[in-house]
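Contents: one structure, followed by commentary.
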């Protein structure tokens, strides 16, 4: 007969994220692309609010995310002010095919600075699968994100591209901000999952992980593991650069793609050897 007790949690950390942006930028599409988790709000009154939970893997830890879409209509700004309390991360979403939605990000940043100051945020350009209708250049959005100290992603829920990666990166930023990263990193014993990830990532460039015959969730975890541990290479503008290489000129880019050769120290005969022919040829 089993004894009743507190239920075992299916996650290690619980984070609350808000998706904000103008209406019709596809925030609901992002939530709908997440296959796991519940879609029912834990609160009785949630008019104008879309809610979903999902669980991601971050360095072998399970992070449960509560995702709230506060809608983008002006009358919901007051709702945003209420739901921003306790938020630990914010995704600023715009539509890359709608210039007006990108220009509206300034207004949302002002709302965040007023009602949720200091909360980590990232900039997300949605509907990358409609790039042929693009109105917001990638470089302009990236420069805007850097100016406002934000990480930048372009995502496509339809193609399942960069959605999980954006949530994973924001989770990492939040946990590092709160010092959680230090809890599990020092003196940890590597799990079997960590060892398998380390073995795969050590011999596979990060831009080739998507081509491995593995489930999407595992490939996403492998990329997250690679970035977190500074292993292998990262992709920048379609080219692979070694994480160990410095920010040098164009000459260093070519060298960064070459494998470093192992250099062995020169061998010499033992000094106390009495044989006259003790030499290394």
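Residue 1 is the first one shown; counting continues down the chain.
Glycine residues also receive a Cβ, built from the backbone N, Cα and C atoms like all the rest.
What Swiss-Prot records for this protein:
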type    : residues                     : note
BINDING : 23, 26, 27, 46, 72, 126, 127 : GTP binding site
BINDING : 46, 69                       : Mg(2+) binding site
DOMAIN  : 175-228                      : domain 'SOCS box'
REGION  : 72-88                        : region 'Switch-II'
REGION  : 245-281                      : region 'Disordered'
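In this structure, residue 126 (GTP binding site) is part of a beta strand by DSSP. Residue 69 (Mg(2+) binding site) and residue 26 (GTP binding site) are 10 Å apart (CA-CA, integer value). When the binding-site residues 27, 126, 127 are screened for a Cα within 10 A of the Cα of residue 69 (Mg(2+) binding site), the ones that qualify are 27. The Cβ of residue 27 (GTP binding site) has 27 other Cβ atoms within 10 Å, all protein chains considered. Around the Cβ of residue 69 (Mg(2+) binding site), 23 further Cβ atoms fall within 10 Å across all displayed protein chains.
Burial estimate for the binding-site residues (23, 126): highest at 126, by number of other CB atoms within 10 Å. Within the same chain, the residues at least 6 positions away from residue 127 (GTP binding site) whose Cβ sits under 8 Å from its Cβ are 26, 29, 95, 96, 97, 156, 158, listed in sequence order. In the shown protein chains, 26 other C-beta atoms lie within 10 A of the C-beta of residue 26 (GTP binding site).
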